[in-house]
Amino acid sequence: MSLFGTTSGFGTSGTSMFGSATTDNHNPMKDIEVTSSPDDSIGCLSFSPPTLPGNFLIAGSWANDVRCWEVQDSGQTIPKAQQMHTGPVLDVCWSDDGSKVFTASCDKTAKMWDLSSNQAIQIAQHDAPVKTIHWIKAPNYSCVMTGSWDKTLKFWDTRSSNPMMVLQLPERYYCADVIYPMAVVATAGRGLIVYQLENQPSEFRRIESPLKHQHRCVAIFKDKQNKPTGFALGSIEGRVAIHYINPPNPAKDNFTFKCHRSNGTNTSAPQDIYAVNGIAFHPVHGTLATVGSDGRFSFWDKDARTKLKTSEQLDQPISACCFNHNGNIFAYASSYDWSKGHEFYNPQKKNYIFLRNAAEELKPRNKK
């Protein structure tokens, strides 16, 4: 905890390492830079579970690689290992015991990476890129869930090359989240499906989307009893929906809010609207972070319906984010998210992962 509770080591010391004496805005929040960041856009981040001592961070990138760092209490990051796919890596997750990392790729496969032996084996196959991967640990089974643009959701026993179950989706699979016993899947055509995972996965409910534009990211949140109770859904139109599965008062409890838009005070001027690239809930406080194509992160209190903080603007989009298991560290990736197409891609631009002390800034607003 030493550095993640002090200001020493934050400062601007991290910027001079890269030989840039000029002031630039790649790290306006003066956060800690992860060493040896990927060489192309960073699509996903995931911290190790609490079962593992210490903190380990995994990132997947469009350079087809998956990297692992140890994050020390001092804030120093040590590259530990790396694995490759033959296409961009779109998602990563951990097994509950922290011994394995699962990776999903545009090469239409998913792999299981054993960290102790540094061996990776293929565990899943789709007919199109695999968009997300989640580990499910139930009392009577454990499996890996993969979703693909081939319009299927598949569940895999890692010991078998054939899926345990295949569920057809109405459209291409865009994003998902899992907190046992709930899974939420968002598809093209603004489709939303909730699955229950007890005994075996099955469809629970289809939900009319609270958002009018393409779904981009989704994250499940818990109630005071630590049970999954709803989800936050982000779209390409700078908006997030907070949706409870069984709210006492749906019209009052479910709501949407605008975010990741240019702050034009002149209301007659057109507003720039950016995609919400990621949503992460703080594991202790239940507050949430959003990151966007505008190059900012924001922290929110959904219960008080208020914004806690917005960052300064980075010089490129924030493509992914996550919290570590106790919520002390907020990790976010600064890299091109392809939201403006290939003509805006600059291969000379460096990609960064930053670590921020999140213990205080995510505390809920005091209720008056």
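Here the Cβ of each residue, glycine as well, is placed from N, Cα and C on the backbone.
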Per Swiss-Prot, the range holding region 'Disordered', considering 15-34, 95-114, 255-274, 295-314: 15-34
Averaged pLDDT, computed only over the residues in the repeat 'WD 4' (168-206): 96
Structural state of THR229 (phosphothreonine), classified by DSSP into three states: strand
Winner by Cβ pairs under 8 Å against the repeat 'WD 5' (215-255), considering only 37-79, 125-157, 168-206, 271-301, 310-346: 271-301
Among 84-114, 168-206, 271-301, 310-346, stretch most in contact with the repeat 'WD 3' (125-157) (C-beta, under 8 angstroms): 168-206
Two-stretch contact, the repeat 'WD 7' (310-346) and the repeat 'WD 2' (84-114), at least three Cβ pairs under 8 Å: no
Cβ-Cβ distance under 8 Å to THR229 (phosphothreonine), same chain, at least six residues away: PHE221, LYS222, ASP223, TYR244, ILE245, ASN246
DSSP helix/strand/coil residue counts for the repeat 'WD 1' (37-79): 0 helix, 23 strand, 20 coil
